[in-house]
Amino acid sequence: MGAVTARRCVEWLLGLYFVSHIPITMFIDLQALLPPELYPQEFSNLLRWYSKEFKDPLMQEPPVWFKSFLFCELVFQLPFFPIAAYAFFKGSCRWIRIPAIIYAVHTITTLIPILYTILFEDFSKAIAFKGQRPENFRERLTLVGVYAPYLIIPLILLLFMLRNPYYKFEEKRKKK
């Protein structure tokens, strides 16, 4: 597989990631931040099912720090998703490099406390988490599996933007 083909495969993966992230953010994640009357009952039921099935305490009773991440997702990330999807599906858009690096670093940074909380929080003693919560290590790993793609794909994006020779190269404009 040639370098161009490999680059296009990664760009398509990233494009699919950003397209899929739009409805997940709008219809699931932001329910923990926005007023409930904005959402039809079907979406509320979907969130309730997810929260109970995966025992996600962050989505059942979101702590303030988690809501701050959701606010950033609404204000900064959601507007970026269609732009990034366009750039990666179109391909060869060098202008996406810096915004993609900023997005990747921001997302990776927010996932670290989320994953740390899921793995190490003593939910039995934590007063901030009142709903269902993971009770054993297997349930914690299942929940980590839900969040892990939002760490892994941005990490791939970051490395791709930093290491791929096509995106590292800056074209110098000719002076007239």
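Glycine too: its Cβ is placed from the backbone N, Cα and C atoms.
Swiss-Prot assigns ALA3 and PHE123 to opposite sides of the membrane. Swiss-Prot assigns the feature motif 'ER retention motif' to one of the listed ranges (132-136, 172-176), namely 172-176. Within the same chain, residues 39, 43, 46-47, 50, 59, 70, 73-74, 77-78, 80-82, 84-85, 88-89, 91, 149, 153, 156-157, 160, 164 sit at least 6 positions outside the transmembrane segment (10-30) and bring their C-beta atoms closer than 8 Å to a C-beta of that stretch. When the alpha carbons of TYR150 (site 'Important for 20(S)-OHC binding and stereoselectivity') and ASP56 (site 'Likely important for receptor folding') are compared, the span between them is 15 angstrom. Here the topological domain 'Cytoplasmic' (1-9) has long-range neighbours at 91, 164-166, meaning same-chain residues at least 6 beyond its ends whose C-beta is under 8 angstroms from one of its own.
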